[in-house]
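*Asks:* The following block contains the structure, expressed as structure tokens.
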Amino acid sequence: MKASKGRNVVVVGTQWGDEGKGKLVDWLTESAQGVVRFQGGHNAGHTLVINGVKTALHLIPSGIMRPGVKCYIGNGVVLSAGKLFEEIEGLEKAGVEVRSRLRVSEACPLILPFHAALDVAREAAREHGGAEKIGTTGRGIGPAYEDKIARRALRVQDLKYPERFAAKLRELLALHNHVLSTFLGSANFQFGDALKPYITGGQVQFEPVFDEAMRHAEMLKPMMADVSRELNEAHAAGANLLFEGAQGTLLDVDHGTYPYVTSSNCVAGNAAAGSGVGPGHLHYILGITKAYCTRVGGGPFPTELDWETPGTPGYHMSTVGAEKGVTTGRSRRCGWFDAALLKRSAQVNGLSGLCITKLDVLDGLRELSLCVGYELDGERIDLLPMGAEEIARCVPIYENIAGWTESTVGVTRYEDLPSNARRYLERIEQVTGVPIAMISTSPDRDHTILMRHPYAAD
């Protein structure tokens, strides 16, 4: 299938993140000239395996691994400049050219050390007070978005004006240090090594934060851009663009399992707001979903299995699927595929097609269970409800489907899959009402079954 020109594709996770978006974005960039991150921060983690070499990315779009592809960090991303340059330097050591191909929106809010301090201290305060932790990564994402919504954030463009930056920084420190000391008891809190250089007596200090920001400013200036303008000009010139979502739909701040969510909108609609490209220019929405479900951190998970006991299906998923977070290293909870959850994701994203990942992880399981709905307070429903409280009361309704013992690793043609694997995929299509466009059969870029190319003309 030949890709058309001037076609834009949005890639989103349909579950709780970790669906394998990085590999598929990398694969799709063969047909794209630009890749855009439009939300989240360095709490995201995308792993690519190319020719057996594993690369983990947190901020830079996955398209950076394709020579000649331009990469953009849109205004919807909250940016830790320090983490960005760590990532750039790591890629450059591996021989990847980054700086000439990366553009960073001047409208990105900055993540600064006091944001991470607030994040860590709040989780500690919740735990100390007996409340369940949200399960944040502790990287300051939520507090940075709070400053953005309150219209007090320091943004990338502020780095060009040191005096203005310094004045706004002092105002922010006065506010956030008050919260840290008065409400969170930061004077008695032991911050980790990464934050210690900025903190004295539980207070974040002006000088180390300002000095570091000014160092980053000089390195960042060549990459600062009006990303919205550049993307619209590229589209007008016939470029194919790929919009790379982070996390997943069920972590969306509005549509996820609130309050066990991230602090941004992870759904496809935010690709427009988070990049400055109008929604009429988004032509295909590809939903990435694992062949089973995983979740990191707290919050309800209707189809969760025992994933710690050897010999159980959940343990098989956890070990064969190597289910540990790219960013945090935390073990992911594992469970059966939830088609009722996917129906919710399909609705809020307007999915055009699905990509099923990690099908190969299910190899060897003789029987699979597919959640097709729930019983909630005595009533049968076929769509995931809104909010954590009702979701926690959902009892999954399963269909049992025969598994397969044959290996699917590396299969690249649909007809070469085991017959039971094909039946499993067909049932997912039937229950969710969304056609499968792609199937991933290993972490390797080339181990992909293409059924409908997202960049092909309709």
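The backbone N, Cα and C atoms fix where each Cβ goes, and this holds for glycine too.
OK, Swiss-Prot features for this one:
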BINDING   17-23, 45-47, Arg332, 358-360, 440-442  GTP binding site
BINDING   Asp18, Glu19, Gly20, Lys21, Asn43, Ala44, Gly45, His46, Thr137, Arg151, Gln247, Thr262, Arg330  IMP binding site
BINDING   Asp18, Gly45  Mg(2+) binding site
ACT_SITE  Asp18  active site, proton acceptor
ACT_SITE  His46  active site, proton donor
BINDING   Val326, Thr327, Thr328, Gly329, Arg330, Ser331, Arg332  substrate binding site
*Asks:* I need the least crowded one of these binding-site residues (Gly20, Gly45, Gly329), counting other C-beta atoms within 10 angstroms of each C-beta.
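*Replies:* Counting other Cβ atoms within 10 Å of each of the binding-site residues Gly20, Gly45, Gly329, the minimum falls on Gly329.
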*Asks:* Between Thr137 (IMP binding site) and Thr441 (GTP binding site), find the distance joining the two CA atoms and give it rounded to the nearest Å.
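*Replies:* Taking the Cα atoms only, Thr137 (IMP binding site) lies 29 Å from Thr441 (GTP binding site).
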*Asks:* Just the number: how many Å between the Cα atoms of Leu359 (GTP binding site) and Asp18 (IMP binding site)?
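*Replies:* Computed Cα spacing between Leu359 (GTP binding site) and Asp18 (IMP binding site) is 14 Å.
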*Asks:* If you count the other Cβ atoms within 10 Å of each Cβ, which of the binding-site residues Thr47, Ser331 comes out on top?
*Replies:* Thr47
*Asks:* For Arg330 (IMP binding site) and Gly20 (GTP binding site), what Cα-Cα distance in Å is obtained after rounding to a whole number?
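*Replies:* So the Cα of Gly20 (GTP binding site) lies 16 Å away from that of Arg330 (IMP binding site).
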*Asks:* Including all protein chains shown, what's the count of other C-beta atoms within 10 A of the C-beta of Arg330 (IMP binding site)?
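*Replies:* Result for Arg330 (IMP binding site): 13 neighbouring Cβ atoms inside 10 Å.
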*Asks:* Quick one: give me the count of other CB atoms within 10 A of the CB of Asp18 (IMP binding site).
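*Replies:* Asp18 (IMP binding site): 29 neighbouring Cβ atoms within 10 Å.
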*Asks:* To the nearest whole angstrom, what is the C-alpha distance linking Thr47 (GTP binding site) and Gln247 (IMP binding site)?
*Replies:* 13
